[in-house]
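*Asks:* Take this structure, written in structure tokens, and hold onto it; I'll ask about it next.
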Ligand SMILES: Nc1nc2c([nH]c(=O)n2[C@H]2C[C@H](O)[C@@H](COP(=O)(O)OP(=O)(O)OP(=O)(O)O)O2)c(=O)[nH]1
Ligand SMILES: [Mg+2]
């Protein structure tokens, strides 16, 4: 199976709150919460994909980000490579541009939301990190 390369953004508000979004019911891993992001296009740099996806989904401009962790995960129907970045600086106010519910949550609260299976190590990395 082809591996789908995905740029994923962990966005924090500088005050310990992290932005999560709910995936639509009808898509892959639908109904679960996620960190915003999406597929890297052929020939596109991952950071450019991150900025593009965050703009498309949330209408905010990423100004600075750093790599956090890369996760390769095989779902029964899809293989993904999640390229996860911490967004350190952005401009604008996030809005669910695609109608997706958004929520700002503390690191501790992340455990109360259902995420796709691949996200477990991401959540551990976020919790372990001092900022983001
Ligand atoms: N964005 C995101 N995707 C995740 C996470 N965890 C996880 O397993 N995935 C998977 C679900 C999908 O198979 C894939 C991301 O695809 P996507 O549906 O967000 O891609 P996209 O925004 O480009 O959407 P589309 O244009 O294809 O509709 O990665 C996560 O935390 N965030
Ligand atoms: Mg997406």
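The backbone N, Cα and C atoms fix where each Cβ goes, and this holds for glycine too.
Just so you know, TrEMBL annotations never went through curation; they're auto-generated.
According to TrEMBL:
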- 23, 28, 34, 35, 36, 37, 119: 8-oxo-dGTP binding site (BINDING)
- 37, 57: Mg(2+) binding site (BINDING)
- 1-128: domain 'Nudix hydrolase' (DOMAIN)
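Tell me what's around each of these sites.
*Replies:* Within 10 Å of the Cβ of residue 37 (8-oxo-dGTP binding site) there are 23 other Cβ atoms, across all protein chains.
Under the three-state DSSP scheme, residue 37 (8-oxo-dGTP binding site) falls in the strand class.
When pLDDT is averaged over the domain 'Nudix hydrolase' (1-128), the result is 97.
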*Asks:* May I have the list of same-chain residues other than 23, 28, 34, 35, 36, 37, 119 whose Cβ is within 8 Å of the Cβ centroid of the recorded 8-oxo-dGTP site, in sequence order?
*Replies:* 6, 8, 21, 29, 32, 33, 115, 116
*Asks:* What is the separation, in Å, between the Cα atoms of residue 35 (8-oxo-dGTP binding site) and residue 57 (Mg(2+) binding site)?
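*Replies:* Rounded to the nearest whole number, the Cα-Cα distance is 11 Å.
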*Asks:* Which residue, of the binding-site residues 28, 119, has its CB surrounded by the fewest other CB atoms within 10 A?
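*Replies:* Fewest other Cβ atoms within 10 Å, among the binding-site residues 28, 119, is found for 28.
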